[in-house]
Amino acid sequence: MSVMFDPDTAIYPFPPKPTPLSIDEKAYYREKIKRLLKERNAVMVAHYYTDPEIQQLAEETGGCISDSLEMARFGAKHPASTLLVAGVRFMGETAKILSPEKTILMPTLQAECSLDLGCPVEEFNAFCDAHPDRTVVVYANTSAAVKARADWVVTSSIAVELIDHLDSLGEKIIWAPDKHLGRYVQKKTGADILCWQGACIVHDEFKTQALTRLQEEYPDAAILVHPESPQAIVDMADAVGSTSQLIAAAKTLPHQRLIVATDRGIFYKMQQAVPDKELLEAPTAGEGATCRSCAHCPWMAMNGLQAIAEALEQEGSNYEVHVDERLRERALVPLNRMLDFAATLRG
């Protein structure tokens, strides 16, 4: 394993926090974005982890707020000629792979993902070459180049079902890049999985000691956990699942107070789903200067109103997502396998 990229020791180029806007500035950019979306025949596709004001704007303009799987479905099926993807770069790449005829814009092309950064394609190719007998399954949180090497792409919402299916066929798996999700899936399915050792900086910061203290303070609360979290956090959960699955769990659990261990961006849609329940952030490893993400992805936070307006107004190379056509065609194969498999689960 010494030749593998080590995400635990990597120093990620964290972006600066966006400059806060005044109330008047927010109103100005909101109206400008609404006008530009109409003029550009564009629609917004926003992830649950973007800031609440971005999700609200996507709702108001007929766009989509969802996890990465539904973002992929929505963008491919929507008649708009331009997709404004509010998320991180791999989401924009995925939109372009599935909709090559459309213009894909992002507020910034520098919105990274620690899972993507932690799985460089050269190192990953060497890892796969060393294990040619294994089926390669990669999480959606990867670059187009890594997807192009894969047999399957998967999201957390269907990970257990897909690996269970492959295991039933007797296939041995390479799983990348999230080690925590890989271990969770392995434990649920019993499959033979060899994990790449990546991690999400947000979920990796949840720690049992701090969560136990919060649980003791609110003993009547249920704990909801995303499986990108460490195993010890998952073991404390009343419900484990993807973003959309956690929102569904919030509605079905009888508890009136919920401790949520995932990016706090999810609170916007979760609170809509359970307006009468109290939502509490699961504590991260540190506070202030000692935590890296503080339960909110710093790259998701780059999707601000001003940046969205500029992307729609200026377009061009600073905002438009491009994927090499040969790479796109290769990455499309495992993505379509994922979408086809997901369709069978929906019946």
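Any Cβ shown, glycine's included, is placed from N, Cα and C.
Cys200 is the residue from Cys195, Cys200 that Swiss-Prot records in the [4Fe-4S] cluster site together with Cys113, Cys297. Together with His47, Ser68, Tyr139, Ala140, Asn141, His226, Pro227, Glu228, Thr243, the iminosuccinate site in Swiss-Prot holds one more listed residue from Ser81, Ser156, which is Ser156. Per Cα geometry, Glu228 is the residue among the binding-site residues His47, His226, Glu228 nearest to Cys200 ([4Fe-4S] cluster binding site).
A Cα-Cα distance of 14 Å separates His226 (iminosuccinate binding site) from Cys297 ([4Fe-4S] cluster binding site).
In this structure the alpha carbons, written CA, of Asn141 (iminosuccinate binding site) and Cys113 ([4Fe-4S] cluster binding site) are 7 Å apart. His47 (iminosuccinate binding site) has a Cβ environment of 27 other Cβ atoms inside 10 Å. Counting every protein chain shown, the Cβ of His226 (iminosuccinate binding site) has 28 other Cβ atoms within 10 Å.
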